[in-house]
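A quick write-up on the structure given underneath.
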Amino acid sequence: MKLLPSVVLKLFLAAVLSALVTGESLERLRRGLAAATSNPDPPTGTTNQLLPTGADRAQEVQDLEGTDLDLFKVAFSSKPQALATPGKEKNGKKKRKGKGLGKKRDPCLKKYKDYCIHGECRYLKELRIPSCHCLPGYHGQRCHGLTLPVENPLYTYDHTTVLAVVAVVLSSVCLLVIVGLLMFRYHRRGGYDLESEEKVKLGMASSH
């Protein structure tokens, strides 16, 4: 069904061309008749030359038929060209745009994929060079250097001070415990000595 409009159009063009060719031949005959009427007593040879003979007319008819056949053959042999629809044109433009966007890819995804050792690659379009965003603890152009942790002197001083205070407190507690035990033992021993002296005195008194 899609080929029908193009075939009809070509047939119409062929008919127009054949009409034009026929019109040209009729125009020639009219010119000859006009020349004959303008010269009423022309020589016999001139009139015979202007008026076509039967053989000439038959030849012209054959030529016209051959021309029409050639036009019809050309019309049927040529392949119809599909008309471009707006939808197809839009799809073509979208495909072209997609191809153009595909060329502008991030070089860090392919060319500089392994450029940063311990970090993330970021391409600087203005400078046209890759840059690395290093992970914590790494430094350098390609994040290849390891940053060693440095102790804070203030933090070290505070830690030492706390340990010293704790040691002093524990030592003081130990000394207090030792002193308390000694005092308790001495007090107990003093009471035991008094009891023994009283027993000795009582024994001596009973012996007398």
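Keep in mind that glycine also has a Cβ here, set from the backbone N, Cα and C atoms.
The stretch that Swiss-Prot tags with region 'Disordered', taken from the ranges 38-59, 82-103, is 82-103. The disulfide bond recorded by Swiss-Prot for C108 reaches one of C121, C132; that cysteine is C121.
Using a 10 Å radius centred on the Cβ of C143 (disulfide bond) and all shown protein chains, the other Cβ atoms total 20. Residue counts for the domain 'EGF-like' (104-144) under DSSP, helix first, then strand, then coil, are 3 helix, 14 strand, 24 coil. Each residue contributes its Cα atom, and for C132 (disulfide bond) and C121 (disulfide bond) those atoms are 5 Å apart.
For C116 (disulfide bond), the count of additional Cβ atoms within 10 Å of its Cβ stands at 23 [all protein chains shown]. Cα separation, C143 (disulfide bond) to C116 (disulfide bond), rounded: 6 Å. Annotation for the disulfide-bonded residues C108, C121, C132: lowest Cβ count within 10 Å of the residue's own Cβ, C108.
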